[in-house]
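Asks: My questions all concern the structure below.
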Amino acid sequence: MRYPLITPKYYFTLFKELIGFIKKPKYENNLEKSVTLKIYDTIGLYFLKFMLLIPVILFFALVYDPENVQKANMLERFSPLVLLVVGGIILPLIEEVAFRLSLKFKPIYIALSSSVFSYYALTKIVFQTKISAIDESFMIRVVIAIALGLLLYPVVNSTSIKERLANFWRTHFRSIYYISCVCFAWIHITKYELNLTNILLLPILTLPQLMSALIYGYIRTSFGFKYPLFFHMSSNLLAISLSLLPFTD
């Protein structure tokens, strides 16, 4: 098929493959596809994601639209160009390393994901600040996160532990995939004010992120790490660019 992105049948097939993976995630899901077809599929899933999000968008528009305090804060702190770099490039890279890189087991992936995830935990739980905040705790958070990664790598890379973990990943990949998706989604509740209403609506408010995580995880496992990374960056860059337009206020 020369131009698959313009045919409805292509999207039906793509949706079928995605749902099949979500229902039964496979660790060894390296699809035999050319680079060109992988790019087509990534772009196709990009469009498919927006179509699937229409009911959620309507819910936010017509039923309940909570204030995105994270977005408001970043708009105050950053110029438009810096906002595009931080929100559209740096944060997606951090999130993909934390939540998607180690879906495929390698000691270096585990060390990097653990390092970045510890930065998340230190930022949100210990210091209760913002991921992008360069404040008095920034260097402490960075140094601890890097130190953890450096200490963890040789441990995970030791022959006996590496073999056990590799087997664990293959055996329990389904749980690893689902837990990664839910953690990625629910951590985004911090975008909103943590009041009772928002907490009760957490599954709905974080549904876009859950949907993204399910798709990103499928792409990462099937095509490689760079594809969901570019997908994530493109989504964020588009959302930020639209938010900067004058008629969106």
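Every residue, even glycine, has its Cβ placed from backbone N, Cα and C.
Sharing the features that TrEMBL gives for it:
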| type | residues | note |
| --- | --- | --- |
| TRANSMEM | 43-63 | transmembrane segment |
| TRANSMEM | 75-94 | transmembrane segment |
| TRANSMEM | 106-126 | transmembrane segment |
| TRANSMEM | 138-156 | transmembrane segment |
| TRANSMEM | 176-192 | transmembrane segment |
| TRANSMEM | 199-219 | transmembrane segment |
| TRANSMEM | 225-247 | transmembrane segment |
Asks: Answer yes if the transmembrane segment (138-156) and the transmembrane segment (106-126) have at least three CB pairs under 8 Å among residue pairs 6 or more apart in sequence, and no otherwise.
Replies: yes
Asks: Go through the chain and flag residues at least 6 beyond the ends of the transmembrane segment (106-126) whose CB is under 8 A from any CB in it; none is fine as an answer.
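Replies: Cβ under 8 Å, 6 or more out: 94, 97-99, 133, 137, 140-142, 144-146, 148-150, 152-153, 156-157, 162, 165, 187, 190.
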Asks: With a cut-off of 8 Å between Cβ atoms, can you find at least three pairs linking the transmembrane segment (43-63) to the transmembrane segment (176-192)? Only pairs 6 or more residues apart in sequence count.
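Replies: Between the transmembrane segment (43-63) and the transmembrane segment (176-192), contact is absent.
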Asks: What same-chain residues lie close to the transmembrane segment (176-192): Cβ under 8 Å, and 6 or more beyond its ends?
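Replies: Same-chain residues near the transmembrane segment (176-192) but 6 or more away: 25, 66-71, 95, 99-100, 103, 120, 124, 169, 198-199, 202, 205-207, 209-210, 212-214, 217, 221.
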Asks: Apart from its near flanks, which chain residues at least 6 from the ends of the transmembrane segment (75-94) lie with a Cβ under 8 angstroms of it?
Replies: 116, 119, 131-132, 229, 232-233, 235-237, 240-241, 243-244
